[in-house]
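Here's the structure, in structure tokens; my notes come after.
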Amino acid sequence: MLEELQHQQQHQSQLSKSTKASSEQNVTTASSSSELRCLWLSCTDDESDQSYCGRLFHRVSDIVQHVTSDHLKSSTNDSHEADERKDRHVCHWLNCPRQRMPFTARYKLVNHIRVHTGERPFRCNFVNCGRRFARAENLKIHLRIHTGEKPFACDFPGCDRRFANSSDRKKHAQVHASAKGYRCQVANCGKSYSHPSSLRKHSRVHSDRTQS
């Protein structure tokens, strides 16, 4: 019963995180309406210059094509010398929290810009789902909700818990870090154990008392 409850709580946590990740809008995006405005700043050395492109679009695919062709291409392919610089992969979107900190590769910059444009090219094809994601790895993690895959096993001796992502496993590891993180949920008991197997063994005591 305890294991079933823990499994249900974990499943709900995964769904909640997945929903939250898809709805969060980090920093300034193209627009919250049907019009999508390009907020790519002028590529100057003056960081106080807040003048931006300002072109309007009605489809995400159009603004993505515009940013990729007009801004990324011009900022990365000006010369062979520019290609040799590590600082060429910079996001110049208005209010971007990276503050012009460069990426090490162009594809990383392209992936990042989806935060601003709202592009989500990776779609879940499971029936009645259709969720979309900006990154392929986020779709891969999401699919585990449907498949039940849990590739991340707890490394603590005696614990057989598995998780769909590494962040949940890391959070779970904090239970083992405490002296006795597995607490009996029976009213007025209050006993705690450091191993889930010990808690399961203890739970049988309550079950036996109930049946007797």
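Glycine is treated like the rest: Cβ placed from N, Cα and C.
Residues annotated as compositional bias 'Low complexity' in TrEMBL: 7-16. According to TrEMBL, the compositional bias 'Polar residues' annotation covers 17-28. According to TrEMBL, the domain 'C2H2-type' annotation covers 94-121, 122-151, 152-181, 182-211. Taken from TrEMBL, the feature region 'Disordered' applies to 1-28, 192-212.
The helix, strand and coil residue counts that DSSP assigns across the region 'Disordered' (192-212) are 16 helix, 2 strand, 3 coil. In the predicted model, residues of the domain 'C2H2-type' (182-211) average a pLDDT of 79.
For the domain 'C2H2-type' (122-151), the DSSP counts in helix, strand and coil order read 12 helix, 4 strand, 14 coil.
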